[in-house]
Amino acid sequence: MQLPTNVSSLRGMIEVPGDKSISHRAVMLGALASGRTVIDHFLPGADCLSTIDCFRKLGVDIRQDGTTVVVEGAGPGGLREPAAVLDVGNSGTTARLLLGILAGQPFHACLVGDESIAKRPMGRVTKPLREMGARIDGREGGNYTPLSIRGGALRPLRYTSPVASAQVKSAILLAGLFADGVTSVAEPHRSRDHTERMVRLFGGEVNVDGLTVSVAGPQRLRGTHIYVPGDISSAAFFLVAGAIVPNSEITLKNVGLNPTRTGIIDVLTQMGADIAIDNVRNEETEPVGDITVRTSTLRAVEIGGDLIPRLIDEIPIIALLATQAEGTTVIKDASELKVKETNRIHTVVTELKKLGADIEATDDGMMIRGKTPLYADGIVVDSHGDHRIGMMLAVAACIAKGTVRLERSEAVAVSYPAFFADLRSLL
């Protein structure tokens, strides 16, 4: 795909698609609940459609019409042993959270995914689930897909996670809904808390004490209505575009502002971006608002520690942002980037260097020196099949002089099928 380059301005208003994390969880909890769940502003991206497909194979009646999904909950003991393998596609969230749910089911299931999923570590989830009593086998001792799982009666678990990962935490908590007793997860830093908020929305009970989250099982959930706010991880690409493309002003409507996810706003503010948030309100369990960003003069910052879990998915676009900030930006404590859809430390550095960025990889992040003009004399960049790399490169092309072609542009459909159309609407 040929990308727009040397863009003179980006102006307009868009509504980014529904939050991917919340869309996944809404389907999963709706499937476990008794009664009907209606999901509005659902993200119909490839990852979330994989979640729907898996739960249909587990016997759940799910109807989708665009961004509206109706789930007829199976209720306690209502999931059925699948006749076919459960294919999670490219979705790590589907894989890990589904394992937590399957751990509590008295039947056998096989879980597979695409080439990218086959490289992503599952041991961080299979290990604690085995401690709870699930029988899980797979490649390299159950650390990689394909995985075979036979669930059943689970023991409660008090688990200290070595990583701040919402997927690990959520898998254990979901399994804990089926265990007889209190299951808890303690994290080194606070990860996104959508699971905790949504279990409560579905009538469940969750206790949060500092960095420890616990559920007392077994629990019964009830169907509900949920509006999925705009995904701040998708909004991040346009927030950065608005800050670095000349003469720009972009407003993003109805964006989720969950404080465990707003690290990108903190970084933009620290860098000196002209950014404003209006119309803040609560939509069921999540804060939502409208964000406006304008072209800004930016300064370098250091990013690490507790901030990393709040912006881990935004680091590729933050790296681009840093190329346009005066000084040296350091991103550290971000080793989790190595086990995303790609090794994002490597892919970000490789692709931005093609465009002339002064960027280098470190063991747990990267260093970016700015402000650096980007150029593209017939350059070909590659998403590496990673949706966030593809969208970052499309924004990078906007400030590059010359011509840029993006390979594997279809990857963006994982989380933002209309991304290129929305970008064109701002030109």
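Cβ coordinates come from backbone N, Cα and C, glycine included.
For the recorded site, Lys20 (3-phosphoshikimate binding site), the DSSP three-state label reads helix. With a cut-off of 8 Å between CB atoms and residues at least 6 apart in sequence, the same chain places Leu43, Gly45, Asp47, Cys48, Thr93, Asp231, Ser233, Ser234, Ser415 near Lys20 (3-phosphoshikimate binding site), listed in sequence order. Per Swiss-Prot, 3-phosphoshikimate binding site is recorded for Lys20, Ser21, Arg25, Ser165, Gln167, Asp313, Lys340.
Listed in sequence order, Ile117, Arg120, Gln167, Lys340, Glu341 are the same-chain residues at least 6 apart in sequence whose CB falls under 8 Å from the CB of Gly92 (phosphoenolpyruvate binding site). According to DSSP, Gly92 (phosphoenolpyruvate binding site) is assigned to a helical segment. Residues or ranges marked as phosphoenolpyruvate binding site in Swiss-Prot (evidence: sequence analysis): Lys20, Gly92, Arg120, Gln167, Arg344, Arg388.
Following the DSSP three-state reduction, the secondary structure of Asp313 (3-phosphoshikimate binding site) is helix. Using a 10 Å radius centred on the Cβ of Asp313 (3-phosphoshikimate binding site) and all shown protein chains, the other Cβ atoms total 25. Taken from Swiss-Prot, the feature active site, proton acceptor covers Asp313.
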Looking at the binding-site residues Ser21, Ser165, which sits with the largest number of other Cβ atoms within 10 Å of its Cβ? Ser21
Using DSSP with the three-state reduction, classify Arg344 (phosphoenolpyruvate binding site) as helix, strand or coil. helix
Please report how many Å separate the Cα atom of Arg344 (phosphoenolpyruvate binding site) from that of Arg25 (3-phosphoshikimate binding site), as a whole number. 25
Between the Cα atoms of Arg388 (phosphoenolpyruvate binding site) and Ser21 (3-phosphoshikimate binding site), find the distance and write it as a whole number of Å. 15
